[in-house]
Structures are given as C-alpha cells and as structure tokens.
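This report concerns only the one structure given below.
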Amino acid sequence: MRLLVEFIISILSSIGFGVITNIPKRALLPAGITGGVSWCAYWLISLQDHSLVLPNFTATVIIGLLGNYFAIRHRVPVNTIYIPSLVSLVPGGIAYLGARSFTMGKAASAAQQIYNVILIAMALAVGFVVAEVIFKAIRPFLIRLIVKLPEAQTKSGGGKSA
C-alpha cells in the first residue's frame with residue numbers, strides 16, 4: 001500500500017514540476033509515469049541497500065531509458081521528460097542541511113553532507129550516461145516497434161474503411 005502511495009505522489013510531483021516548467025501537455029503524463037516508476041525503484045532499492053549511490057543510480061538509469069522511449073513515442077525533446085522526472089531525486093534537502101551546518105560552524109557535519117550531495121550528483125550523472133549508452137544499443141529495435149504499432153492498428157480495422 002505504501003508503495004502505491006509513493007508512486008502516486010511521485011507521479012503528481014513530476015507532473016506538477018512539469019506544469020511549473022511549462023513542458024508540452026502531451027509530455028506531462030509520460031514525465032509523471034517516468035518519475036513515478038523511477039521513484040518506486042529508488043524506494044525499493046533503498047530498502048535493501050542503505051547507500052546513496054545504488055538507489056540514485058538505478059532510478060536515473062530508469063529515467064534515462066523511459067525518458068528516451070517516451071520522447072520518441074510522444075515526439076518531444078528528451079529533456080522535457082528528464083527534468084520533471086528527476087525532481088524527486090535531486091539532493092536539495094541534503095545540500096540545505098550541509099549549508100546550514102556550515103553556517104552554524106559544524107564543519108565535520110557540513111563536509112559529510114556536501115560529500116553526500118557530490119556522491120548523489122555523480123550517481124545521477126553516471127546513471128544518465130549508462131542509460132544513453134543502453135538506449136543507443138536498443139534504439140533501432142524500439143523505433144521499428146514504435147513505427148509498426150500504428151500500422152498494426154490500421155490493418156486490424158482501427159482505421160476508416162473505404
């Protein structure tokens with residue numbers, strides 16, 4: 001039940017951020033679904049692995065793969081899917097705590113928080129690179145699949161008859 005709530009809230013937050021950043025309406029639902037699926041992957045992996053790197057890396061790979069797929073499917077730039085989907089993974093709270101610790105004179109705590117921010121940012125960057133490499137390998141297959149879907153619908157009687 002909690003996973004479903006996390007999924008719905010993540011979809012809504014991704015769609016909300018998409019509205020704020022003014023992405024095309026046709027990209028809102030794909031961005032929301034991508035954000036929801038990636039957050040669920042993050043959440044499930046963080047239950048098993050309490051590190052910061054693996055959950056963020058895996059969620060970012062999922063954003064990269066689904067974002068590229070939806071970008072082709074809905075004919076939008078891939079960044080219109082990436083940016084709203086990534087909003088739940090950005091370590092803004094940790095960065096705030098690091099800055100707060102620094103201003104309060106707690107250098108050790110600030111250094112640890114900033115280290116965590118850098119670690120998460122690197123996991124996000126490497127996750128996108130890995131997703132792009134994987135997608136470049138499977139792109140020809142997906143394009144053939146996406147192009148054949150509308151043809152199959154018209155041949156099966158979905159189109160107008162003469």
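Note that Cβ sites are derived from N, Cα and C of the backbone, with glycine treated the same way.
Quick caveat, the model's predicted, so the values are computed rather than measured.
In TrEMBL this protein carries:
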DOMAIN    7-134  domain 'Threonine/Serine exporter ThrE'
TRANSMEM  28-45  transmembrane segment
TRANSMEM  52-70  transmembrane segment
TRANSMEM  82-102  transmembrane segment
TRANSMEM  114-135  transmembrane segment
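For the domain 'Threonine/Serine exporter ThrE' (7-134), the number of residues in each DSSP class (helix H, G, I; strand E, B; coil) is 108 helix, 0 strand, 20 coil.
Stretch with the largest number of CB pairs closer than 8 A to the transmembrane segment (52-70), among 28-45, 82-102, 114-135: 114-135.
Long-range contacts of the transmembrane segment (28-45) within the same chain, counting only residues at least 6 positions beyond its ends with a Cβ under 8 Å from a Cβ of the stretch, are 3, 6-8, 10-15, 18-19, 54-56, 58-60, 62-63, 66-67, 70, 73-74, 76, 80-81, 83-89.
Restricting the average to the domain 'Threonine/Serine exporter ThrE' (7-134) gives a pLDDT of 94.
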